[in-house]
């Protein structure tokens with residue numbers, strides 16, 4: 001799918017985990033104009049108040065939209081997606097795509113009908129997620145782990161740090177003796193970044209399922225019906241809400257996403 005004029009797509013997350021979704025979309029649609037924003041000034045979202053998450057997400061997206069007219073927004077954060085989508089859709093007239101844990105495909109893939117959901121504590125406790133399980137995995141035994149530590153490990157890895165497998169194994173230890181567990185939902189956009197390490201800790205699991213490819217296909221479908229707002233060719237940029245601690249982290253993120261520059265948004 002090629003565009004004569006680049007649509008501008010914003011990916012939004014509290015951290016850099018949403019880059020896993022961004023990469024899937026960019027691979028499918030390389031000719032778009034991409035912006036990525038991570039709200040590291042309020043990271044992580046998982047245990048924050050819902051109203052604060054909604055207010056910050058809306059304010060930041062509106063600020064970016066003023067400078068770079070957006071054609072589509074992807075909330076590349078499972079926790080935020082469970083609370084912010086209605087408010088964003090009320091305030092924007094463009095398509096808004098959320099991130100939903102891939103519970104339905106995991107339940108369909110599972111041969112033993114014993115599946116696991118790894119997500120943030122915020123995502124795990126949402127009624128929305130329990131409804132997904134009730135609607136699409138009612139015939140399965142569903143295990144759940146809510147972890148902030150795994151999010152931090154993924155952030156560290158993307159910024160050039162080492163992954164401590166012992167810490168990872170400790171977080172996943174409740175599942176290590178579950179021999180019938182054969183499908184795991186990576187219910188946070190950070191977790192595909194450490195998928196290989198998670199696989200090492202759970203060798204009995206045959207299927208690790210995330211939402212990235214499905215979101216990319218959804219973006220492609222929605223772009224067919226839009227009229228591009230800005231006709232100017234632009235570079236791909238990444239935004240944050242707080243300065244990063246070191247230049248190495250900045251360069252790692254720029255290189256991973258092939259961004260031209262990192263811009264710090266003032267609060």
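Just so you know, the numbers here start at 1 and follow the chain as drawn.
Using the three backbone atoms N, Cα and C, a Cβ is placed for every residue, glycine included.
If you look up Swiss-Prot, you'll see 13, 14, 45, 46, 78, 79, 189, 190 marked as substrate binding site. What Swiss-Prot records for 77, 188 is active site, proton donor/acceptor.
Spanning the listed substrate site, residues 13, 14, 45, 46, 78, 79, 189, 190 have a farthest Cα to Cα distance of 12 Å. Summary of the substrate site environment: with the site residues 13, 14, 45, 46, 78, 79, 189, 190 set aside, the chain residues having Cβ atoms within 8 Å of the Cβ mean position are 15, 17, 18, 44, 77, 80, 120, 122, 123, 151, 188. Spacing of residue 79 (substrate binding site) relative to residue 188 (active site, proton donor/acceptor) is 8 Å (Cα to Cα, whole number). When Cα-Cα distances from residue 77 (active site, proton donor/acceptor) are compared across the recorded positions 45, 46, 188, the shortest belongs to 188. In this structure, residue 13 (substrate binding site) is part of a beta strand by DSSP. When the binding-site residues 46, 78, 189 are compared by the number of other C-beta atoms lying within 10 angstroms of their own C-beta, 46 comes out lowest. In the three-state DSSP reading, residue 78 (substrate binding site) counts as helix. When the CA atoms are compared, the binding-site residues lying within 10 A of residue 188 (active site, proton donor/acceptor) are 78, out of the candidates 14, 45, 78. Neighbour counts of Cβ atoms within 10 Å were compared across the active-site residues 77, 188; the minimum falls on 77.
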